[in-house]
Amino acid sequence: MPKSGAHQPLVRHDTDDGGETGQSVKSLADVSEEEIDSRMSRRSSVIADLLSLFRRSSSVLVRPHTRLGNPNFDDDDDEFDEEDDKEASKDRILKKIQQKKEIIQKLRGQPWYMKRKRRTLKVAQKHLQQQEAKVSKARLYKAEAGRRLTQASRWLDNLKIYLIPWEAKIRKIESHFGSVVSSYFTFHRWVLGVNITITFIMCMFVVIPEWLADSRTQFGDDRYNKTKAIKVMPPAVRARADELSTVWDFGGYFQYSLLFYGFYSKETFFGETIKYRVPVAYFFCNIFILGFSLFIILRKMAANNRRGTLSSGKTQQYLFNWKAFTGWDYTIGNPETAGNVYMANVIKFREAINDDKQKPSDKHPWIRFVARVLTNLFICAMYVFSIWAIMQCGTLKGEHFFAQNATAITISLITLVFPNIFDLLGKIEKLHPRNALRFQLGRVLVLYILNYYTLIYSLMLQLEHLQKEKNASDNPISALGHPGDAIGRTIRETVLPRYPVDNNPHTYYSYAPVTTTPIPATSSWTTVLPDFGPFGVYNPKASVTKDDTVFSSPVVETHMFGPNSDWNETTVNAASPTGATTRASLRMSQGGLCWETIIGQEITKLVTMDLYMTVASIFLIDFLRGLACRYLNLYWPWDLERTFPEYGEFKVAENVLHLVNNQGMIWLGLFFVPLLPMLNNIKLIILMYIRGWAAMTCNVPASQIFRASRSSNFFFALLILFLFLCTLPVGFVIASKTPSKSCGPFGNQSFFYSVITDVLHENLDKTLVNGIKYSLSPGIIIPVLVLLSLVIYFLIAMVTGLSQANQDLSFQLMVERTEEKKKIFELAGGKKKKSKDNTFGKQKPKQLLPPPTKGVSSDDDSQHNRSTAKSVSGRQFVPSLGSVSEVDHSTGEEQSSDSESTTSSLPPKLSLRQRFLVCIGWADPNKYGRHDDIEMEEGGGRLRELSTGSETDSDDEDSEKSNRDMSYRTAIQSFDQNSQSASASSSKSTTTAPSNSEMRIEITENPLHTYITPLRIEKKSSASSSSSSHQPSSSIEKQAARRLLQPISTTHNIRYGVATVENSSQDPTRPPSTDDSLGDPALHEPLWANLNPHSSYTSAMMSPIMNEVMSNDETTDDEKGRLIPDRPPIPHSPRELKRLKREKDQQSESGSKPSTPRPPRFRISMSPPRKPPSEKNDSDSSNRKYEMRVEKSPKKPKKSDND
């Protein structure tokens, strides 16, 4: 063999025109090093340098061009000289130009002398100029522009990674806690992006137009006078606007700002060129945001679902393998987290094993049942207490802090404390860890939903109470009359004392004279037309006048006369009741109740209170507990880090539910607080940093891993649920409630949606508006909803049917693939005689074949003998046919044919779910039994095909052999000339009686077909003939493998000859030795798998890829591409077919072998024989080395002459 690293020359076989005898050729071993050096000396050093640079080029996707011209071309020609190749396309030339430019760029970094670099650069530039001359300048500029654009896009993609917010922080958390914890922060960032989008929409279409309209309003304008009551802060409110209680309740400056619903006016904004209706924009933006949120969530879920469906169905078959190979998180970089994940995987395997095993019966099941019942009763009691507490907080009245913020504080405490109590109660139930996590999530979700709707109900009750108070305040308390409407009169009753003589009492009345003073008129009367007011305004709503008239009343003086000493003074005590004073909103005192702002203030306080409670809980529960566990552990009686209270866990599921609940509050309060998403953005940013700091400082990964990556749509399903829950109260308010008359953009409407009808009336015809009203009536909407429900049901049924059909097709493909693999492995390792036919996991009765008679072809016998497999112990590469089945045989226990027939006659037993589906009409009751019958029939059909495959006639068997061995016709060698006569005589008669002889193969190959003929070799003794009758027919393939794997010799007779096996006990599969003999008994019989020509090992060794792997030469890709010639052309013309037929007839008449066949493209040569296996030397040691060389096919063979 040549030395490693040298360029090995090609081996050429020179044949004469007649093809009678082949001249001797040189083998690879006969090529001297001087000849190799002489060939290498003809190669230019500059070209070698360019080749080395070209071999290191980054353009690896460009495949080298294979020259298909004359096979006798010189391999040492200039590889870059392609000027004569006029058939090259422009794209190919551009690729070559790009390659040469890369070579020039890499030339500077090569460790060469400067003279060598300059010389190489000169040659490369010259070739580059030649190639560029073949392409127009515009094409070059276009290619260069495309390349620069690709580089710019890659640079932008790399820059985009640095622009993603908190990407580095999330990756750091991922390295410490894994992808499960980082998925929460990724979801947190996604929710923040949604809130930023919602804020942008509300600011662009609602907030900014209202702010522009107010900025253009001046003091005394019509808009200023109409909006003064809702936009100008009264002096009494301004005096308390800076107090902490006012700011905490979002009053004062917050109340009279763009933050709440009541600040927006119902006036139309008249710009310089446009007329913008803010109420219409307010209504449509809220509806659009809800629809937009639903769309992006569904879009994200669909994308995750598409990625999830790419996984194969094998994940449901090999559960433990998938758990083992996919259970590790390779993003972890923290040893502590790695230990937690390791233990989690161990627990996961234990759980899976326990699930598969039969669960033992519980000794005391009633104790567990009672504990679970009590636990669920206690949890239900907690739900009732939560509802009662929220309802009671809504009825509290008072001026103190707790009364004003009772609802927000109560909901925040319940949200914070109750999930931890649920977790403790769940441990009493002793559920499976996976089920315990599911129950925990379900209970927390139910708690959030109850709190959500209890809050809405409490707010509605407060609204009704305030509405009643407002209606009571509308009644007049006192009536003030005009001063000129009554005449003042003073009456004095005097009781005179009785004189001593005459004690008769007398009563005297005195009347004060009343004088009337004329009042001059300060203003003249104005004549007003019926349709116009006093100011010339059309159809005024109200008119306010001011009267400065001064009234003067007469002064009446009374004087007491007569003695008063005998008057008796009587004191009368009278108590007048005083009414209770209640705190009312300023909007109510100004003539109306703005209940939308009140609800918005409550929701805003709830959102901000949740932020305060979350930060406080992180600081107290996580941070202080972590400090105590860290620094008090040395002085405590037990281990604080491992028992109680231990470090806080980062609970992904609870944190996700908390985030989803917060987003539901945002969707609920968006209609009443347009800038609530902006406040939520600030809250989410604060929580991102707080939770990230707590995770890296105080928390440890949860012991029970929440697999969010396996069900990535879990987060978004919760968002969909809360979005649906928040649309119900908002829709109820829009459809049934009456807007406030004193504030908001819908103050002059009877309903919130009336603003749409007003716009339609103003811009459309009355007939068209009436048609729209009729189309939106309940008589049309209800049938449409029913129709949509039926369509949805039909689509669901269709999708279910398609999914079932998809599963059936996947199962069929799996079965077909399994059968094909079985056939391939049978061809690779020899057909194995099946004592038990195992199809679809069920045992079939053994089919006994009758013994062969004299009229049966020997090919059938050889086929049956070939199916007999020897022991597979010790084999290295022969796979087991039982392990290739991809069907999950979970219930494939062995059953007899009698039990199968009995079971098939009985109706299938349906589960509870199947009965329910059959009851509601979603499933066919016959499909369950019919599906099994179809599988049994298909399995039986395939079994009959496999069992009767060996009983076909000899013609079908020969065609099957020839088709199977077509792929090996370039590798299997022919036999020598000495066995041609015997092979010709035996090939003429195919149906002969079997005799005590040994079988061997003759391979006759022409450009169209490959003929495989079994031959018989008569034994020299009767004893040997009797033993040879029982010799397995796999020795035929062993002989072919021996001819294939024998060392390369210098003559055709040795190379294509065949040695007759004289003794059947001699192992024909032993490796070749230095004396070209196959008698070395070192190779054990099980290693026949490596020598089988149909085995996958031999196929792999004959593949062209092994030429690159096993060879030690350093030839370039271009050189290797030229080494593989095209296959010989298949003749199609009548002349060629006649010539081939004539050659065949001549060969059959002469009884001789045709001319020397075309040499194979591949040759496998082996090193010296393998050593016997030992402790130091394994049977698969690297001493055995396979090398494959590609040879050139000779010229087109001409017509051969017979001897």
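Placement of Cβ uses the backbone N, Cα and C atoms for every residue, glycine included.
Since the structure is predicted, the reported quantities are computational estimates derived from the model, not experimental observations.
Under the heading region 'Disordered', Swiss-Prot lists 1-39 (among others).
Swiss-Prot lists 64-90 (among others) with the feature region 'Disordered'.
Summarising the annotation, Swiss-Prot assigns compositional bias 'Acidic residues' to 73-86.
The transmembrane segment annotation in Swiss-Prot covers 191-213 (among others).
The annotation N-linked glycosylation site is assigned in Swiss-Prot to N225 (among others) on the grounds of experimental evidence. N225 (N-linked glycosylation site) falls within a helical segment according to DSSP.
Here Swiss-Prot flags 276-298 (among others) as transmembrane segment, drawing on sequence analysis.
Residues annotated as transmembrane segment in Swiss-Prot, with sequence analysis given as evidence: 369-391 (among others). Long-range Cβ contacts of the transmembrane segment (369-391) within its own chain (Cβ-Cβ under 8 Å, at least 6 residues beyond either end) map to 407, 410-411, 414, 418, 421-422, 425-426, 428-430, 443, 446-447, 450-451, 454-455, 457-458, 461.
The transmembrane segment annotation in Swiss-Prot covers 406-428 (among others) and rests on sequence analysis. Same-chain residues lying 6+ beyond the ends of the transmembrane segment (406-428) with a Cβ under 8 Å from its Cβ atoms: 371, 375, 378-379, 382, 386, 389-390, 393-394, 396, 436, 439-440, 443-444, 447-448, 451, 455, 458, 602, 605-606, 608-610, 612-614, 617, 654, 658, 661.
According to Swiss-Prot, the feature transmembrane segment maps to 441-463 (among others), an assignment based on sequence analysis. For the transmembrane segment (441-463), the residues of the chain that approach it from at least six positions outside its boundaries are 379, 383, 386-387, 390-391, 393-395, 407, 411, 414-415, 418-419, 422, 595, 598-599, 602, 606, 653-654, 657, 660-661, 664-665, 668, 718, 722, 725-726, 729, judged by C-beta separation under 8 angstroms.
Look at Swiss-Prot and you will find 665-687 (among others) tagged as transmembrane segment, backed by sequence analysis.
Sequence annotations record features per position, and here Swiss-Prot assigns transmembrane segment to 714-736 (among others) based on sequence analysis.
Feature annotation from Swiss-Prot assigns N-linked glycosylation site to N748 (among others). Remark: N748 (N-linked glycosylation site) has K266, K741 as non-local neighbours, by Cβ distance under 8 Å and separation of at least 6 in sequence.
Taken from Swiss-Prot, the feature transmembrane segment applies to 780-802 (among others).
The region 'Disordered' annotation in Swiss-Prot covers 826-908 (among others).
The annotation compositional bias 'Polar residues' is assigned in Swiss-Prot to 865-874 (among others).
Per Swiss-Prot, the feature compositional bias 'Low complexity' maps to 898-908 (among others).
With a threshold of 8 Å between CB atoms, the same-chain residues lying at least 6 positions outside the transmembrane segment (714-736) that come near it are 187, 286, 290, 293-294, 297-298, 300-301, 304, 445, 449, 452-453, 456, 656-657, 660-661, 663-665, 667-668, 671, 708, 751-753.
Stretch with the most C-beta contacts under 8 angstroms to the transmembrane segment (665-687), considering only 191-213, 276-298, 780-802: 191-213.
Long-range Cβ neighbours of N225 (N-linked glycosylation site) (same chain, at least 6 residues apart, Cβ-Cβ under 8 Å): none.
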